[in-house]
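Per Swiss-Prot, the features are as follows:
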- 51-94: region 'CM1 motif' (REGION)
- 58-196: region 'Interaction with NCKAP5L' (REGION)
- Ser547: phosphoserine (MOD_RES)
- 926-1208: region 'Interaction with MAPRE1' (REGION)
- Thr1001: phosphothreonine (MOD_RES)
- 1015-1071: region 'Disordered' (REGION)
- 1196-1893: region 'Interaction with PCNT and AKAP9' (REGION)
- Ser1238: phosphoserine (MOD_RES)
- 1347-1381: region 'Disordered' (REGION)
- 1467-1486: region 'Disordered' (REGION)
- 1469-1486: compositional bias 'Basic and acidic residues' (COMPBIAS)
- Ser1490: phosphoserine (MOD_RES)
- 1500-1519: compositional bias 'Basic and acidic residues' (COMPBIAS)
- 1500-1521: region 'Disordered' (REGION)
- Ser1663: phosphoserine (MOD_RES)
- Ser1666: phosphoserine (MOD_RES)
- 1675-1706: region 'Disordered' (REGION)
- 1726-1768: region 'Interaction with CDK5R1' (REGION)
- 1752-1774: region 'Disordered' (REGION)
- 1753-1766: compositional bias 'Polar residues' (COMPBIAS)
- 1874-1893: region 'Disordered' (REGION)
- 1884-1893: compositional bias 'Polar residues' (COMPBIAS)
- Ser1893: phosphoserine (MOD_RES)
Amino acid sequence: MMDSVLEEDVTVPGTLSGCSGLVPSVPDDLDGINPNAGLGNGVLPNVSEETVSPTRARNMKDFENQITELKKENFNLKLRIYFLEERMQQEFHGPTEHIYKTNIELKVEVESLKRELQEREQLLIKASKAVESLAEAGGSEIQRVKEDARKKVQQVEDLLTKRILLLEKDVTAAQAELEKAFAGTETEKALRLRLESKLSEMKKMHEGDLAMALVLDEKDRLIEELKLSLKSKEALIQCLKEEKSQMASPDENVSSGELRGLCAAPREEKXRETEAAQMEHQKERNSFEERIQALEEDLREKEREIATEKKNSLKRDKAIQGLTMALKSKEKXVEELNSEIEKLXAAFAKAREALQKAQTQEFQGSEDYETALSGKEALSAALRSQNLTKSTENHRLRRSIKKITQELSDLQQERERLEKDLEEAHREKSKGDCTIRDLRNEVEKLRNEVNEREKAMENRYKSLLSESNKKLHNQEQVVKHLTESTNQKDVLLQKFNEKDLEVIQQNHYLMAAEDLELRSESLITEKCSSQQPPGSKTIFSKEKKQSSDYEELIQVLKKEQDIYTHLVKSLQESDSINNLQAELNNIFALRKQLEQDVLSYQNLRKTLEEQISXIRRREEESFSLYSDQTSYLSICLEENNRFQVEHFSQEELKKKVSDLIQLVKELYTDNQHLKKTIFDLSCMGFQGNGFPDRLASTEQTELLASKEDEDTIKIGEDDEINFLSDEHLQQSNEIMKDLSKGGCKNGYLRHTESKISDCDGAHAPGCLEEGAFINLLAPLFNEKATLLLESRPDLLKVVRELLLGQLFLTEQEVSGEHLDGKTEKTPKQKGELVHFVQTNSFSKPHDELKLSCEAQLVKAGEVPKVGLKDASVQTVATEGDLLRFKHEATREAWEEKPINTALSAEHRPENLHGVPGWQAALLSLPGVTNREAKKSRLPILIKPSRSLGNMYRLPATQEVVTQLQSQILELQGELKEFKTCNKQLHQKLILAEAVMEGRPTPDKTLLNAQPPVGAAYQDSPGEQKGIKTTSSVWRDKEMDSDQQTSYEIDSEICPPDDLASLPSCKENPEDVLSPTSVATYLSSKSQPSAKVSVMGTDQSESINTSNETEYLKQKIHDLETELEAYQNFIFQLQKHSQCSEAIITVLCGTEGAQDGLSKPKSGSDGEEMTFSSLHQVRYVKHVKILGPLAPEMIDSRVLENLKQQLEEQEYKLQKEQNLNMQLFSEIHNLQNKFRDLSPPRYDSLVQSQARELSLQRQQIKDGHGICVISRQHMNTMIKAFEELLQASDVDYCVAEGFQEQLNQCAELLEKLEKLFLNGKSVGVEMNTQIELMERIEEDNLTYQHLLPESPEPSASHALSDYETSEKSFFSQDQKQDNETEKTSVMVNNFSQDLLMEHIQEIRTLRKRLEESIKTNEKLRKQLERQGSEFDQGSTNIFASGSELHSSLTSEIHFLRKQNQALNAMLIKGSRDKQKENDKLRESLSRKTVSLEHLQREYASVKEENERLQKEGSEKERHNQQLIQEVRCSGQELSRVQEEVKLRQQLLSQNDKLLQSLRVELKAYEKLDEEHRRLREASGEGWKGQDPFRDLHSLLMEIQALRLQLERSIETSSTLQGRLEEQLARGAEKAQEGALTLAVQAVSIPEVPLQLDKHDGDKYPMESDNSFDLFDSSQAVTPKSVSETPPLSGNDTDSLSCDSGSSATSTPCVSRLVTGHHLWASKNGRHVLGLIEDYEALLKQISQGQRLLAEMDVQTQEAPSSTSQELGTKGPHPAPLSKFVSSVSTAKLTLEEAYRRLKLLWRVSLPEDGQCPLHCEQIGEMKAEVTKLHKKLFEQEKKLQNTMKLLQLSKRQEKVIFDQLVVTHKILRKARGNLELRPGGSHPGTCSPSRPGS
């Protein structure tokens, strides 16, 4: 067993030993923890040699101590085991069994002891835990008690200190008060002394005053005595006076003068004496009184002073008493506080004692516990020492080593963790640097983003500029294309003109005879027609111009509105400055144009007022001629005949008569051809798809109207009219084709211009004029029309020329009575008209028509005066009267009278054929002709030229007249026959038309009867469709550039194209029109075209009233229901199709113009047809005939007669005009009754009703087509909306709402389409849509003012106006819808207000419409009643006189209506402008919001930059702090190194001194030995010498060395103290460099004293050198410090210290601190130092050289060794001592030189004045800082630039807003000027004019 134990022991490593001595060797813990407590559990005890508390963490030293103790115990245990084994082997050499037994027993005991030990260890662990818990509890309680006691003591101390402070303050205050009080008492004492002295003086004075008072009393007594004497004397005087009076009473006879003289002398003497005495007394008295008063005042003042002094002294006494009381109270309080402080101090001492006692008790308890523990440990140690079990000890040691290794690993982990923390700190620092870099990168990114934004803005502006340039380029190309096409057309027209001139020259001679025949009849009619005023034509043309100016003004307003909408869009889309500038330019141009329009309007108004006043003066003169005017043709042809009269002789006129006979024959063939065409028309059954052009429909309806009107006359004359109308239709269709292909709107105008310039010449006007007409016709012929038209122009011209000749003959016979006053006015009127045309040409510079008129005026300036005026009138007439012949048949019907039927029948065809060129030209251009026809229906014929002043001077004979009259009568008879045939044919045509209109489902254009030329068009329907589509597309393109002209072309003649081309649009919409153009096409063209066709039919229907009122009412009701359904559809569109606003907003500008144009046209047509067609025709014809009479024919007598008649007629006219308004309704009813009496009227009414039915069906079809197209448009819009939703991020709810609304709109359109197809009544939907209808009614009523409100028109006419107003409202309603949608998208608040406004307007308009319908019905009933009361015979007589009144009243009424309509439109325009301004304001507000947002962003960026700057500055400060810390640490290190070096130097110095002392002692010993030898050798030889001299020198050297040693020790101690002080003050010196100078001043003077002390007298040269050095350094250091800033206090300290230490020959290093010596460098190639040090070094070197030379000499003089041996040894000691002294001095000089060298230091020369080490870092930092500053500066610059741009855009928006305000003001002025017009055109100043609009 022992072997096994030993073997186990062998396995233990050598570092471990036995554990037998482990437990006793471990000392006990203070807290009583048993070190064995953890051993039983395998835990290493926590106790090292030092007493370690269990809670404290152990460090490596504890573990090492423990390991060493364990090793020692292990070794001891091993030794004990070895000795015990040896002892056991010695004892037990016997049998081993006993040993085994004892061993087994011992093992058993050991096991039992182990168990006991474990139990005890567990008990000990429990006890130790209990003790620990108790100790912790007691310790925590003791700590808490201590803390409470400490807190209380602290509180008490604080309170006491506060009280003490307060008391000290109070004491100081009280002392101050006491001092003040003492000072006050002293001052009071002084004052009292003064007062007492003053009182004594006052008393003395008072005694003097008493004496004075006695004197005064005496004087007062004297004064009183004097007063008494005075009184007595006065009494005497009184007595004397009484005596005198008594004496005077008895002696009355004595003279009064004597008595007075006697009394006066004594009285004066007495009075003088008394006065003198009184004065003296008074003066004395006054002086005494003054002195008394002064004395009294002095007394009072002194008494007051004494009283105040007494009061002050009392106060002071009281204050002193109060202060003493306060002092006593304060002293008491101080004593109390002192007692409290003593008590508290005693309590504090007791508490301390208690604490100490508790601590001592605790320590005693712990000591007892420790003693118990030590006893237990001693027992356990004894047990262990007895048992000596190796295995358990080894296992425990192993466990403990494992624990130690674990703890070591834990410590290493902690160390690693700390290292990681350090690394993390470094990483955080690097992260901070990274964040700085990131911030810099972000700044750079921001700058790049700003640059990118600027580049994007620049690219955007460039793209916008390029787009605008492209648009301009495209427009220029379009303009070039148009000009090229116009040039081509000009070339073609010139060719045709040449051909026409040839044809005219061939046919010219055939027409002379017929002109002679027609001249007689024209002369007959001339007698009657010469009384018409000449100015009416110009008036009418001026009225047309005025109305056209109204239209232009409206168009300008609409254009400006479009520009405003475009401006709003551009503001919303982009902030481009170029767009804004362009919009500004547009606004300026509009403003200028508007100002010009206003000026032209004012001039126009002036001229109109003058013309109206002139016409008013002439109107009365023409009344007498109305009964004589019989023939319409005689009026129409007189002017034109004048042109040819001056060029033809009588033979030529006879030839023209024969030509006229030939013409009648040809007319017969034409009549036959017309029969054939009517038969073909009726046989065809109208199987075609509809006529391709609505031009035919408009012409045909007017043709039918003319035929109906002619049925009332008993003669047949319609064959020529129909033929002429057919010609017109064919020609107009051809010119329409030509226009649509060429794209030229004003081709016709060029022809008129050339014609007028030719006609103005005087060479051959007839031929040129005819050539111009033929030239107009020539390019318009197609292949199938040429056969019909080849013979017609020549024949028609022959007829016209014959009639002109007859007119000339008749005019020669006309009396000149009525000519003078009328021709006199023509030049003035013509001149005014010229001015009017010029102003209008300026008012619309883009209108080519006006420009052509202006060009004609310029050309006409070359001809004579009359020609100029004629040409000016003519150019205006070209615009105003182009379609007169189209409606002449209608006028003829009203002009026919039973008296002159034969003559009129004979002349009518000739008239119609007399101007074929004009008719063809007028109908050839659809836009101009139909527009002007709509403008004015007055049949004013255009004159070829009026420069014909000599044409009336040709001779004429009576024979020619009679011949011509007979021939004319024959021709009239033939014409009667032809007209009867024509009437029959006409009736057949009406029946065919009725059959056509009666079809159940008529085609779209069935209502337009096909003319005779229609067959030609049926052959090529595809070509016509192509023409029409191209024309419609061309119109869409031209709509923006020239709205007025293109609109008039579209809406009056061309709109039939639009619906006709709809099928092609449906089939192939991409080829023809885009969706936008389809919408534009629908809204702007289709509805007005329908309206125009309605107007064409209603012109005839308005006259044909009958008693079928119930039927008409039913029709009106049906139409209203259909219209309401249509309005519901419109409202649904208005409500739901918000997405279509972008497509429909394009139409806003044109629709208003269309509405404004269309409605006055409808009103004018109706009124003109109703009132003034017949009368105005004749009236105007007379004006035109009489206008151009030459002024040479005016007679002075006739002029006087005319003046008288004018005055009379003006008076009568004034009276009649006052009665006009009263007679208005009666005249109209009578006139309608006259028309209704003829039987064919009722047939025509039936036909008109059938026509209305067909028209309604057509309208339903049109509505169906519109619904189909709008539904398709809605489908495309829904698809586009879905794509937009996919493309953009839109709110889902909003998108869903929009999609639902669009779907509802599409469903409504489908329902409406089905209703149009099925024809069901819409009344079912009315209940659910009453609210919608109210809104539509209000919208209708907004345009009620444009409807004719006059009570004259019949119900059918009112109905047609109602329909047209509804259709025009559709476009206007779309406009309003678009505007409301726009505003609802932009500003949602506007939608509600607009909705309410629309509802109110619709309601009011609906009410007014119903009232107008009721008044129309009442008027119809009145017409029917009054029609039965008059017979036919009186109608014709009465009508001639009544129609003037009716025309006047109708014109007045119409002008009023027109003014109201224009005012309303202006109000609406201003309202629209206000809305646009509001939108602009909103856009401005949005811009300001965006500006503020940008400013906020700018502020945030600025704050970010400031924050970055602050962070950068903070980082810089942090870096500087770190640099300073590094410097400080470097300085500290250098100081420590220098201290170590100094100590080493001191040690080396001491060693050297010791060595030198030892050498000297050895030398001394050798000398002693030599002396002894010498003494021994020769006892007498040394006596003669002085051996003590050498000893004395050695002793002196030793003493000097000792002194030097002592002084070096002193200097080392002082240096050590100074080094410690410097180390203590090192941080302060690093921060405060100012102290270094003081240290320098202190440190430098110390060393010379030390040098003086320890150098002594032995080395005077050394001391002198050192003094020189330090004196020079003293003198120079301040200068060097001031001159060279790198030298600091530390350096000077190092110099002084080194110089101090160098006195002891210590090598010194100059201390150079970084940061102060910027030039110092270890690797420097230069040396820097003071010049004094350098000079001292040179001195030392020279001294050393001298010493070495002396030593060299001594060594040479020394005797050789042989001489020494020989015995010559006497003189040796002296040279040896000198050599030793020279060696020592050489050493000292070398050391001093070394020290001087150490004072210099190595430097590197400065590079550009900067330190290469430190300044590079500073330079880098500065460079980074400057970079950051530059970046910030650039960013601020960019932000400022953006701010400037924003401010500039804001200013531009302000400028735009100001311009808009200015334009708004101008519009207001224009509206005011327009509102002035109704006041000027009151009934008394109006004329029967017909302005067209």
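Glycine too: its Cβ is placed from the backbone N, Cα and C atoms.
Look at the modified residues Ser547, Ser1490 and count other Cβ atoms within 10 Å of each Cβ; Ser1490 has the fewest.
Residues 432, 436, 439, 443, 446, 1821, 1825, 1828, 1832, 1835-1836, 1839 of the same chain lie 6+ residues outside the region 'Disordered' (1500-1521) yet bring a C-beta within less than 8 angstroms of a C-beta in it. Separation of the C-alpha atoms of Ser1490 (phosphoserine) and Ser547 (phosphoserine): 47 Å, rounded to the nearest whole number.
Using DSSP to sort the residues of the region 'Disordered' (1500-1521) gives these counts of helix, strand and coil: 22 helix, 0 strand, 0 coil. The DSSP breakdown of the region 'Interaction with NCKAP5L' (58-196) into helical (H, G, I), extended (E, B) and coil residues amounts to 133 helix, 0 strand, 6 coil. Summarised as a single figure, the pLDDT of the region 'Interaction with NCKAP5L' (58-196) averages 87.
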